[in-house]
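Participant: Got a structure for you, questions after.
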C-alpha cells in the first residue's frame, strides 16, 4: 500500500530508518542523529570531568570512541530515546518485569522497536492492522493480530531487545486510510539482497518472519482472485471494498433463490405431467368402457 512510509536499508543507517518508519515520514537524517549523539558524548565527558580532568579515568574516556555512534551510521539506544523524546514518545523495555506485570496484550499497543546486533527496526499498528516495517525488507509486511505475540516471542528467543512505544504518534496518511479499510497481502516482501545477507549478517533469520499459522487456514489472496471489489496496490496489498462485497453477497443470495425457484418449478411441472398422464389414462379407459357398453347394447338390440 503506497500510503505506508517504508524507508529501505542504506548502509548501516537502520536507526534512522527505524525512527522514520515508526513516525511514518522523513523526520530524522543522519546529521540530526549525529547531533544528538555528540550532545550525549559531551554530557558524558562533563560527568567524567567532575572526577578530575587529570584523572586516569578521564584520560581513558577521551581516548575511547563514542559509544553513541560510529562512522558506519550506527546509533545507540540513548540516541533513539532522545530522538523520540522530541515527539513526546517514551521507550519501555518489553520484557522487563515491570511491564510484564501489567499483563497487556501486545495488540493493544501502538508500536514496538526491536534491536539485535546493532540492527533496529519497527513494528507498528496502522489503522487496525500490524506491519513489520523492517528496513531490510523490500516493503511493509502485514502481521495478523493472532501472530503478533508469536512474532515478538520469536524475536526474543533470537536475542532481540524489544521496546514498547508509549505516547501519541504523529498523524499520518496510512493511519487515516487504514482506519476505514483493511488490506490483505498477496505476496510477502523478501529481504533486500537476501542471498548475500544470509551469509554475511547474523540477524537475517529474525528479519524474515516465519509463515503465519493462520494463513494455513485462510489462503492469501492471489492475482487470479482479484475482482472489481478489490483494489490491488503496488506494494502487494489488496484493499477490500465492503460495499461491493455486500452487493456480491446479495447477488449470490438472489442467484441461489433463483436456482431454488427453478428447481421448484421443475418439480411442479413433473408432478403436473404425472397427474396429466393419470387423467388421460382414466379418460381413455372410460371411453373404452363406454364404447364397450354401446357395442353390447347394439348386439342386444340386434338380437
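Residue numbers in this text run from 1 along the chain shown.
The backbone N, Cα and C atoms fix where each Cβ goes, glycine too.
What TrEMBL lists as domain 'Josephin' is 1-180. Here TrEMBL flags 14 as active site, nucleophile. Per TrEMBL, active site is recorded for 14, 119, 134. Taken from TrEMBL, the feature active site, proton acceptor covers 119. Taken from TrEMBL, the feature region 'Disordered' applies to 282-303. According to TrEMBL, the compositional bias 'Acidic residues' annotation covers 293-303.
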Participant: Could you give the Cα-Cα distance between residue 134 (active site) and the residue listed as 'active site, nucleophile', in whole Å?
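Facilitator: Given the Cα positions, residue 134 (active site) is 9 Å from the residue listed as 'active site, nucleophile'.
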Participant: Name, in the order they occur in the sequence, the residues of the same chain whose CB lies under 8 A from the CB of the residue listed as 'active site, nucleophile' and which sit 6 or more residues away.
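Facilitator: Non-local contacts for the residue listed as 'active site, nucleophile': 73, 118, 119, 120, 121, 135, 136.
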Participant: Mean pLDDT over the domain 'Josephin' (1-180): what is the value?
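Facilitator: Averaged over the domain 'Josephin' (1-180), per-residue pLDDT gives 92.
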Participant: Among all chains shown, work out which of the active-site residues 119, 134 has the most CB atoms within 10 A of its CB.
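Facilitator: Its Cβ has the most other Cβ atoms within 10 Å: 134.
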